[in-house]
Amino acid sequence: MANVADTKLYDILGVPPGASENELKKAYRKLAKEYHPDKNPNAGDKFKEISFAYEVLSNPEKRELYDRYGEQGLREGSGGGGGMDDIFSHIFGGGLFGFMGNQSRSRNGRRRGEDMMHPLKVSLEDLYNGKTTKLQLSKNVLCSACSGQGGKSGAVQKCSACRGRGVRIMIRQLAPGMVQQMQSVCSDCNGEGEVINEKDRCKKCEGKKVIKEVKILEVHVDKGMKHGQRITFTGEADQAPGVEPGDIVLLLQEKEHEVFQRDGNDLHMTYKIGLVEALCGFQFTFKHLDARQIVVKYPPGKVIEPGCVRVVRGEGMPQYRNPFEKGDLYIKFDVQFPENNWINPDKLSELEDLLPSRPEVPNVIGETEEVELQEFDSTRGSGGGQRREAYNDSSDEESSSHHGPGVQCAHQ
């Protein structure tokens, strides 16, 4: 005899735990024929047991779970649904879903309601300085007039059509010895499992058991919080009878800032300076996220290259829950060059004397051809006239393989 944790399902089919697949199928067909509702209307529950037992034992994975861990293995390994809760309750005692430990159940075993997610837009200043704000929400709460019963005491009756389950189980025969079990929401009680006569319904909630209520939440946005971070209000979501309320979850959405961009705890900004500032030093002031006026100085004689980045330590974002520690501020410099012909030609020689010497031009032996540099507008394409057309006569394959994006000046 095979060593298994539980034999109840084998006993239902009347086979030993070591039964083969053919033995299981043979036993199932014999019992299904004997207890089919069309032939034996009073044996509906027995037929469900037989179908369930065969469904588990004919599936190698489910059978292995059942053989090794018994009923508990099926409870923890099953996803539920399809009327499984009723069958488990009938065969083993206690529903399937009470053992699942998933999000639909709270720690105390009560069914748990859904969480309510709301976006909360915040500025970068809010995330830097912290902020307290009030948020108005509408949610369902239990009716105080009927204490969430929907009517006066004793008026609520179990739905006779679905026996209080909220769903109806239907069995459809697919072929001789093969059936399909289906469930649908009970139309008599709209899936609630209960019915209330219209004359006995609560006047305040009209039998719905809940009413709408406006809730004001005080929201604390702490310093250093980030885009996508969540603020949770436990148990503040919609209420329902016999259900533990879910949570209200606020999802922070950072609005774009006109000066700063955030990267973790660091801040980035771009600042434009002129050529004279890049060569001779500069000083500028900007307003930080906490309204402080920050003065940035750069000494004469130290050159700022176009596109280079300098850092100011400790002027980034505060760390979440450790606001006295801050990230850094990175400033990228956009050096603005003067317009064409900005200086009198007579002064150019004086300027050249002040700048570093030109590199020596090597002597070229042989014939040379002088060309002219022209302005290039990248938005209008490369042009090129006939020379470009001739160049494009090469095959598409060669073109796609070797013609990458044009080389651009590198800025560091």
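Cβ from N, Cα, C; glycine included.
Feature annotation from Swiss-Prot across Lys39, Lys203 places N6-acetyllysine at Lys39. If you compare Lys152, Lys204 in Swiss-Prot, the N6-acetyllysine annotation sits on Lys152.
Contact count against the repeat 'CXXCXGXG motif' (186-193) (Cβ pairs under 8 Å) is highest for 159-166, out of 143-150, 159-166, 202-209. Using the Cβ center of Cys143, Cys146, Cys202, Cys205 for Zn(2+) 1, the list of other same-chain residues with Cβ within 8 Å runs, in sequence order, Ser144, Ala145, Ser147, Gly148, Gln149, Gly150, Gly151, Arg201, Lys203, Lys204, Glu206, Gly207, Lys208, Lys209, Val210, Ile211. Long-range Cβ proximity for Cys146 (Zn(2+) 1 binding site), meaning a same-chain Cβ under 8 A and a gap of 6 or more residues, is found for Lys152, Cys202, Lys204, Cys205, Lys209. Ranked by Cα separation from Lys134 (SUMO2 cross-link), the recorded positions Lys39, Ser123, Cys143 are led by Ser123. Annotation for Lys39 (N6-acetyllysine): same-chain Cβ neighbours under 8 Å, separated by at least 6 residues, are Lys33.
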